[in-house]
């Protein structure tokens with residue numbers, strides 16, 4: 001026993017400190033759906049950037065550690081989402097993400113060729129996550145100038161080192177979940193990760209898995225920094241498809257598994273159930289639960305906490321299954337203060353208009369929002385048609401950064417700082433023209449349309465409740481992702497729907513025909529001009545009649561002079 | 001001379017003003033037959049808006065006009081309609097003066113064909129900068145006819161600066177000016193080379209000055225790939241009435257550069273043979289060159305067609321020798337009517353596809369080629385008759401037929 005204890009002491013002294021926490025938050029939603037959010041956080045006090053190569057990985061996954069050191073990454077955020085988050089029905093998510101795949105990376109300022117490094121990084125991540133991130137190239141990568149500021153520590157804000165790309169067409173499936181689960185210290189064998197069974201997770205309205213890597217401070221003076229890896233999985237189970245219409249959810253019904261033990265490598269393993277709206281939570285056996293209050297997303301909510309590291313949580317059956325039941329009339333959801341929608345207007349395949357609507361539901365406060373729009377080059381935006389109106393009046397943005405697209409090289413980038421008046425709808429419209437592409441540039445299903453990535457709206461929303469600004473206190477993971485600088489507002493990032501736009505298509509069966517026909521027309525021009533240039537007018541000798549011609553041929557054969 | 005000039009001008013201004021004020025103006029400004037990515041008014045406004053935002057208009061791929069146009073419209077953007085109307089009217093007046101000095105017979109009933117040509121009206125109402133280009137070409141031709149070599153070189157340089165293709169008009173200008181100065185076109189004569197050198201110097205000098213001025217206006221050479229690189233490499237495949245768009249939309253990548261070179265050389269290489277054949281008739285050569293440019297350029301519009309069609313009255317005496325004029329005019333009318341129909345069917349109804357519009361494009365270009373070669377045939381035939389007599393007889397005294405051999 002003492003030998004094991006000495007060995008543990010030796011291990012902790014010789015190797016850098018790392019720490020793993022896991023949590024699951026279950027929140028019943030007003031619409032009858034249930035929102036489950038897993039978060040796994042690994043903190044490791046090490047320095048990937050210095051010369052000594054890190055070789056002993058314990059809790060931190062080696063593949064990601066190597067990615068950080070090889071590509072000099074300062075922050076990496078990647079998410080894979082299936083489905084669209086319905087803000088008005090479900091409230092704000094803990095970790096927002098757009099449909100499809102999204103990747104944004106801050107590089108260290110020691111990187112000389114950011115574009116080359118970005119290309120290599122996307123290919124390596126494509127291999128790690130079994131996703132087709134290799135489709136990320138210069139035609140869908142942008143460098144935002146104001147949005148996507150670093151979420152971890154760091155002084156560098158030169159946006160030359162930031163790259164942002166989305167693939168709205170990317171589909172998320174089991175193939176992406178498996179390598180994601182492999183990055184966890186306990187894999188899917190122990191702890192909360194045993195609940196992640198793909199046949200239930202993908203049978204949902206919304207599924208999002210993400211990896212966030214950033215450097216964080218360990219204490220308030222920031223004397224030591226450590227690398228934080230957060231893996232999050234958000235899923236919303238639908239009332240009707242998975243719940244059979246009843247507002248009665250259990251862990252078994254959601255995940256088809258029950259919990260048997262916490263991950264032995266975790267320092268904390270907790271389940272939080274949101275009981276603010278007084279749902280009935282019952283168990284197979286009696287457990288005392290701790291009740292805490294946490295302020296998250298501008299709202300003070302009450303949670304029941306169940307600690308999986310305590311043995312008595314599991315009871316004699318050695319398994320934990322919760323049952324949550326609630327009525328639809330109890331409690332009313334806090335209406336989210338910020339909401340956005342986007343759609344394409346117009347008809348035909350020549351032109352169109354993108355409309356982005358932003359709703360500010362705060363009764364008396366107005367706040368500024370930063371809108372980021374990245375539109376592919378084949379929808380040619382006309383920035384002189386950009387209009388921003390609030391309550392019917394023109395609302396001039398205080399900051400506009402526009403980078404026009406270059407055909408086949410880079411997309412449009414539009415960033416604006418717009419002040420949203422209280423209790424209003426702000427509409428941003430811009431006209432575009434659809435381009436005809438070369439026949440090889442269309443996808444195999446060209447009539448499906450082309451996707452335009454979601455707009456990103458970042459804002460500091462005024463909070464009704466005082467936010468907790470002490471970032472180093474022990475807080476539940478779900479409330480500590482976005483750093484909180486002031487008490488009166490919280491940071492929110494909203495993604496609009498992606499758009500699906502049709503482009504005019506040429507006939508794909510016709511390349512040879514078109515080449516022949518067009519060259520024929522050019523040849524007709526060439527031929528007629530050639531004739532007129534090289535020939536001259538002469539008097540025509542008429543052709544003799546047929547009988548005479550045959551007679552002349554016979555005469556020639558006989559050797560007799562021909563007829564006149 | 002059936003209608004005096006002023007009446008025509010008043011009618012034209014009225015028609016244009018009515019159309020400018022109606023809802024048709026926006027509709028016409030969007031039509032791909034009338035505007036192209038090179039000369040659309042929407043793109044000029046976009047370029048000015050980008051300049052206001054502090055971004056170079058050439059950093060994107062929307063704006064392909066020359067810096068002098070930006071400079072011009074920076075001041076005139078509020079008076080755009082008047083500008084285009086004035087340029088249209090001035091082209092007409094210039095052409096009127098031109099045609100008056102060129103027409104050999106007194107039969108000039110349709111001298112006003114430029115202004116009242118529906119193609120010109122559409123081009124003006126759409127505020128396409130093609131109208132400005134046409135005005136400059138008309139001024140170039142007028143100054144050539146009036147034997148002013150310096151002005152001719154300057155206007156030709158301006159026209160080349162805006163779209164590269166008018167450089168082929170150097171040859172007829174030189175030939176005309178040589179003819180007027182009674183210098184024979186013979187490589188052995190020193191005066192021929194001396195005049196050629198003078199003209200080339202004036203032309204290249206003015207072109208150089210204009211290009212350097214553009215550099216100083218915006219402070220960078222970005223406009224060179226955006227304007228000339230765009231015209232020559234055809235990256236934008238927006239449908240128009242020309243042959244390039246669908247050809248390069250369906251081109252195999254491997255052969256793209258080859259066919260691009262072939263099509264671009266096709267515009268330029270008729271210069272030398274035509275100049276040799278028509279060295280005695282430089283005015284007809286100008287017409288032929290303008291026609292070849294309008295048909296085979298990378299982004300043609302109906303405004304370009306209107307320019308060479310306005311010269312047809314000069315050769316009204318060739319009508320008796322034209323062979324296909326009925327067919328050609330029927331086809332041109334039918335195609336002009338079918339363009340908007342098939343565009344609507346492809347883009348808006350979705351019941352046709354791009355092949356329909358492409359077919360009409362092909363037919364339209366074949367008709368134009370037939371028209372031009374028919375006029376060329378008629379011209380050569382008339383020259384032959386001028387030399388050998390109108391009624392030719394064979395050796396036995398019977399009526400002879402002429403063929404090209």
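Keep in mind that glycine also has a Cβ here, set from the backbone N, Cα and C atoms.
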What range among B:286-308, B:355-377 does TrEMBL record as transmembrane segment? B:355-377
Non-local residues, at least 6 beyond the ends, that sit with Cβ under 8 Å of the transmembrane segment (B:199-221): 56, 58, 66-68, 70-71, 149-150, 153-154, 156-158, 160-161, 170, 173-174, 177
Can you tell me which parts of the same chain pack against the transmembrane segment (B:154-178), counting only residues 6+ beyond its ends and a CB-CB cutoff under 8 A? 38, 66, 68-69, 129, 132-133, 136-137, 139-140, 143-145, 147, 184-185, 192, 195-196, 199-200, 202-204, 206-207, 210-211, 214, 228, 231-232, 267-268, 270-272, 275, 279, 282-283, 285-286, 289-290, 292-293, 297
Same-chain residues at least 6 beyond the ends of the transmembrane segment (B:255-276) with CB under 8 Å of its CB atoms are 165, 167-168, 171-172, 175, 232-234, 243-244, 247-248, 285, 288-289, 292-293, 296-298
Contact set of the transmembrane segment (B:119-142) with the rest of its chain, CB cutoff 8 A exclusive, min separation 6+ beyond the ends, reads 12, 15-16, 19-20, 24-25, 28-29, 31, 33-36, 38-41, 44, 65, 69, 80-81, 84-85, 87-88, 90-91, 94-95, 97-98, 151-152, 155-156, 158-159, 162-163, 166, 169, 173, 286, 290, 301-307, 309-310
